[in-house]
Amino acid sequence: MAIREKVFDVIISCFKRHGAEVIDTPVFELKETLTGKYGEDSKLIYDLKDQGGELLSLRYDLTVPFARYLAMNKLTNIKRYHIAKVYRRDNPAMTRGRYREFYQCDFDIAGQFDPMIPDAECLKIMCEILSSLQIGDFLVKVNDRRILDGMFAICGVPDSKFRTICSSVDKLDKVSWEEVKNEMVGEKGLTPEVADHIGDYVQQHGGVSLVEQLLQDPKLSQNKQALEGLEDLKLLFEYLTLFGIADKISFDLSLARGLDYYTGVIYEAVLLQTPVRPGEEPLGVGSVAAGGRYDGLVGMFDPKGRKVPCVGLSIGVERIFSIVEQRLEALEEKVRTTETQVLVASAQKRLLEERLKLVSELWDAGIKAELLYKKNPKLLNQLQYCEEAGIPLVAIIGGCPKRRPCGRNQKENKPGPLHLLS
């Protein structure tokens with residue numbers, strides 16, 4: 001938790017630096033709120049037992065509850081962050097930071113704005129946070145759902161199969177193209193020719209030059225959706241250059257993001273390397289942040305279907321915790337789990353009252369202080385406790401030395417000088 005608090009501090013300070021306010025939503029939602037928003041991942045939603053009344057499910061992410069919150073409160077403009085636990089019926093993999101209960105840290109901008117300005121800020125925030133956490137080199141892959149849909153259309157994919165083929169393409173960062181192609185043909189019913197045509201596109205990645213190249217593509221540039229997406233990406237790269245982060249961004253046509261609600265730009269940050277001991281295998285943590293534009297989600301919850309354009313990002317903190325913990329283990333760094341500044345100790349017996357008075361004074365002055373809960377603790381034990389807990393200072397109360405008169409009544413054994421040692 002000490003490591004988590006430090007990570008959260010970095011993330012929250014960045015969100016606040018960009019002007020976000022904080023909200024919270026219930027841990028469960030109406031089942032109908034979550035149904036049909038996550039594509040093939042809907043099977044991972046935890047449903048609560050039917051006990052009569054409304055059917056409820058544990059939240060799968062923070063984005064759908066946010067959209068429901070906007071619609072219910074008739075909000076059309078907000079910049080918010082939300083840090084909370086979400087729940088997925090997944091197979092846990094501790095080493096990869098994959099759990100069934102885990103934190104998400106979301107930042108979203110809702111409202112009608114000029115194209116790509118909020119989207120560029122979201123990518124800037126993502127880069128700021130990952131750089132501040134010092135977890136290694138990273139790359140942010142960017143694509144656009146409109147480009148994907150346009151590409152599927154010109155390749156001959158039926159409209160009804162767009163989303164399911166999207167889910168297959170999204171696996172390209174984990175498995176080979178051959179495996180993805182076999183799934184498309186064998187399980188999802190595409191012809192090998194259509195799959196090969198998709199493969200020609202989705203294996204390309206680059207920068208703004210690839211965007212310009214695809215704008216000249218005779219087939220793709222004729223598709224209205226794809227053309228809009230490519231023109232927006234070109235504008236996005238202009239803003240990213242002004243923000244000084246274009247070198248961290250890669251236009252990757254294989255990025256699909258399996259969630260159904262994305263409508264425009266999508267992005268995902270992956271670590272290029274993980275700091276580990278020499279000779280060890282790198283920690284396979286996959287993506288550490290992701291997000292995108294979802295302009296239609298709020299309208300699904302509004303009785304009149306009013307749309308509120310939104311764009312946002314989510315930081316995968318559990319995966320980041322795994323990396324930070326492993327890095328600290330490799331460096332053999334001890335993590336302080338308390339913030340105590342000073343231990344109030346005594347060098348002699350019968351000084352409990354004085355220790356209690358002094359520690360109370362320190363607390364009242366706003367100083368983080370402790371004392372051992374023994375009447376007559378040994379000085380060595382007190383100093384050892386300081387060392388183990390990483391407490392930097394010890395205030396030692398001592399009685400008057402026996403052989404050096406100090407002008408005080410030694411029979412009373414009143415405390416003498418206070419020593420502060422570091």
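The first residue you see is number 1, and the count goes up from there.
Positions of Cβ are set from backbone N, Cα and C atoms, glycine also.
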Correct range for coiled coil (source TrEMBL, candidates 13-40, 209-236, 321-348): 321-348
Recorded L-histidine site residues ASP61, LEU62, THR63, ARG88, GLN104, ASP108, ARG257, TYR261, TYR262, farthest C-alpha pair in Å: 22
C-beta crowding around TYR262 (L-histidine binding site), within 10 angstroms: 26
